Amino acid sequence: YLSFLKVLDAYYVKELLEVSISRPGEFLTRETHQYVFDGVTRWVNSATFLKMGPFMKIYKTYTNKFDTAVCTLRQDIDTKPELAALLQRMCAREDSHNQDVYSLLIMPVQRIPRYLMLLDTVAKYTPEGAEGRESLLKAVEGIKEVADDVNTAITDHKNREEIRNIQAKLFRCPPLVEPHRTFVRQGTLKKLCRKRAKVREFFLFNDCILYATGNQMTNLYAFHNLLPLTHASAVPSASATCTFTLSTTKKSFHLIAESQEDRDSWCETITALVSELDQLESVQRAKSIEGGEATQAAVWEPDSKSPNCPMCDKKFGMLCRRHHCR
């Protein structure tokens, strides 16, 4: 662990800073470099827990801005070929052990749970009344607090990496990564269209649902639509065991699952997510054109099942066509 931190310090902290200063514009600015790598050099010489308080504060500061720092670095790498090439050369060096900058930066974050296990074990075998036990217990509580922050940072980082991987699979998809967004599940459903039911791949997030054309064999998909879950609903069909109706403010339609259990699972998950969204005070409620409460889009129905408009109840005929409310 310490040897990897020394690699991070020698190459990415010191050498990268020197190159960035000597060739401005091609690599990182001094401000970006400091933001991404701040705190690394202080860990290299931290061999003991003698200064536990400051040590923990360094970890909390680092983990709190870790994900933003990685995103900042990734943007610079994507837009600066010279920087990307330099980091690849550093990773290829023998003493780097094929660890790229992202792997090295996350190591201090992953280390905290191991420190907690160590202190917990020491506290467990330290007798009551022993010298230093009280300060040891305080250290355990302090590192537990930091561990909670670290666990949150790790979870957020993994979630955003997963969403980025989904984004890479989708052709012509709008940006998916948002600070509040988490990935929930993926699955294949049949969407009832005008002529027949068509297979679609669905990606469910905590605030929206996305569907695309493609398959899990190729792992590549063509983006179709992104629907918000605010004011949405997923209602099982009373007449068909595997069918349910997904209604959103943008679009609504019938979906067919592989089994009744799969259908019920989708409905329960979507309903729970919609309920959570409704309870968040920060969610801005969508409004209709008239300024009232938001309404769900009409569900397309086969002609044989649609003698009247589901929105205004007008009877369809020669003058009132079935598409008039769409």
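A Cβ is built for glycine as well, from the same backbone N, Cα and C atoms used for every other residue.
Unlike curated entries, TrEMBL annotations are predicted automatically.
Copied over from TrEMBL:
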- 13-153: domain 'DH' (DOMAIN)
- 182-275: domain 'PH' (DOMAIN)
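Averaged across the domain 'PH' (182-275), pLDDT in this predicted model comes to 93.
Residue counts of the domain 'PH' (182-275) by helix, strand and coil are 16 helix, 50 strand, 28 coil (DSSP-based).
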